[in-house]
Amino acid sequence: MSWAIVDVANFYVSAERLFDPSLRGVPVIVLSNNDGCAVARSEEAKALHVRMGEPVFKIRDRIKRHGIQLRSSNYELYADLNRRFNAVIADHSDLVEIYSIDESFFRLPALANGLGDVGTAHRVREDIARSVGLPTRIGLGPTRTLSKVANALAKATEKVWGGVVDLHDLELRRRLFEHWPVGEVWGIGSALEARLRPLGVKTTADLAALPPAVARDIGTVVLERLVRELGGIECDDFKVAPEPLKATAVTRQFGEPVTALPELREAMARRAARAAEKIRAQGLAASRLIAFAHGSRYKPNPPSASRSARLSPPTNDPRVIVGIAGKMMETMFQPGGVYTKCGVLLEDLSPEGQGQADLFATADPKAPGLLAAMDGLNARYGRNTVILAAQGCGGRSFDTKRSQKSPAWTTRIGEIPVAR
DNA sequence: TCTGGGGTCCTAGGACCC
DNA sequence: TCTGGGGTCCTAGGACCC
């Protein structure tokens, strides 16, 4: 098998630059939700040592001194561009797996010599650059893991090898792995890296040389599979049809800290309603609900609590979910606590109507029609056109901050760019 | 004094990814 | 003053069953 993975360079920044030429050639940072941290950096920003995940308030002086441009994250735009570049990939491949918002695995026609695949990979890059306008890198290899490592190497060697690296060749792997730090390998995080270091496993070559049983001993079966995949043995397959969601979460930091119970209830209701809406859109119902609320972890003694409950029968009815989450918020609330975040998790998701009926609960016969009407109106006239009273009206100070958001250039008729 | 064996299910927590 | 959000997978340990 021949695996390929394409990733978009500094995706969020590249997306922002597409419709705003003033951002080109200057340092740009795209911020996390609530405008808190840097989650994407242009090459110019990286050169100024802005780190991934760095809080914005800590780099205010650099932002000012170097004129670093800030943008809030604009997921509507990124999701649309994701759709577009995947359509281009599909022109070249019969099998595409969307792995994340900025990465997709795909299969290339396996030619006898690897050169054909490299040529195709270059054409995919060129097509995406021409028809979508996004810069990409591509890694090729006989397994998923090897293509991921190749992709990382393509990033590091872009100027030399033009953004495509093929790791089908054993000799090339041997040479490159000796210089590639083990912590850079997909699946090796800081904890595993720290466990591997004292054992003398510092490079990818060291890791690939571990006997699988030893790897399992150091980590789990996950590390064992990783080692096998580095050796060219496939342990993982394409996931073309997206697996049904197993759990979903809606958790948000507050724009401003909250101390009053009525506001906390309202904030919780907004998150719970959104979570219920998400699973309805997938035709799923939840069997377990978890709600939590806490204060800043950078403060001493922040309030922190969570509650969980089984939902029987499984449900996606916002009236039920918002009701329970609201009661949970009441039992968690500590007077005097300064809260900065709350959220709802829905777990044990199953297809709607498939769960075991509850012997003691009678289903509301009107619910399906009511919820379909509500979702229909919100789809047609915009999110939150119809809401539950518990969610409260209008924008509130505790909603997420997004002060620098760019327009939805490609998906809203009122926000398309104007040319003069 | 001596105190089985083999399962399943659930939960919490850790680790990883983007 | 200000520090993101949303997923998956695995394991250990407890509760429970026969």
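Using the three backbone atoms N, Cα and C, a Cβ is placed for every residue, glycine included.
Keep in mind that TrEMBL annotations are predicted by a computer and have not been checked by a curator.
What TrEMBL annotates here:
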COMPBIAS  A:304-314  compositional bias 'Low complexity'
DOMAIN    A:3-189  domain 'UmuC'
REGION    A:297-317  region 'Disordered'
REGION    A:397-420  region 'Disordered'
Helix, strand and coil totals (DSSP H, G, I; E, B; other) for the compositional bias 'Low complexity' (A:304-314):
0 helix, 11 strand, 0 coil
Arithmetic mean of per-residue pLDDT over the domain 'UmuC' (A:3-189):
94
Helix, strand, coil: count each for the residues of the region 'Disordered' (A:397-420), based on DSSP.
3 helix, 0 strand, 21 coil
